[in-house]
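Structure, as C-alpha cells:
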C-alpha cells in the first residue's frame, strides 16, 4: 500500500474564477476538495508543497491527509491543471475517499529479480510493453506498484497479465484477454549479426543461380 502523506492547506472563503485569480496573485495555488457526498471546500495550496509532492513518484495514486480549517480530509489527487507554456500548476483537485471507496488509478510495473533471469544473464534484453497499468482498487489500499518476478525466465519468454499476482480487491482495466506485459528477446547485436549472415547467404545464393542456369549475371 502507498504511504499516506500529510499536508496543510488554507481554506478559501470564495470560489470561482475571480477568487482563483486572486489566490494566484497572493502566490498560492487554488484548489478544491470534493466528493463523498459532502460539500466542496475551496482551498489554497503552497506552490512549494505541491511541487514537492508532484515530483515524487505516483503523485496521482498516493493518498493525502489534508489539514484544512481544523479538520483532516483523506483525499486522492484527481487533477492538476498547468499553464500550457510555463507548466506552472494553476489549479488542483482533491477527491475525498472513504473506507468503501474504489478508484481508478495508474500504477507502475516493477520487474524484480532481473539478476536471476536466465535469459538476461545470457545477454537477453527485457522489452517492456506496459510500463504502467490502470487498476481499480480500494482507495485505502492502493498498491504502490505491481511486481513481475523474472526468476528463471529465459530468452523468448513472454510475460502476460495472468502471471502477475494482484493484491486482494485489485483488478486491472484492460481490453485484451491476457495482455502482454514484457518479453525477453535475444541480444540486439546477436540478432543483427544473424540478419547480416542471412542477407549474405541470400545474396550468395542469388549470385550462384545464373551460373547454374548458364545465364550471365547482370552487371
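Cβ atoms here come from the backbone N, Cα and C positions, even for glycine.
Under the heading region 'Disordered', TrEMBL lists 1-22. For 8-94, the entry in TrEMBL reads domain 'Large ribosomal subunit protein bL25 L25'. The annotation compositional bias 'Basic and acidic residues' is assigned in TrEMBL to 10-22. Annotation source TrEMBL lists domain 'Large ribosomal subunit protein bL25 beta' at 102-187.
With DSSP states grouped into helix (H, G, I), strand (E, B) and coil, the domain 'Large ribosomal subunit protein bL25 beta' (102-187) comes out at 13 helix, 37 strand, 36 coil. For the domain 'Large ribosomal subunit protein bL25 beta' (102-187), the model's pLDDT averages out at 92. When DSSP labels each residue, the region 'Disordered' (1-22) comes out as 6 helix, 7 strand, 9 coil, counted as helix, strand and coil in that order.
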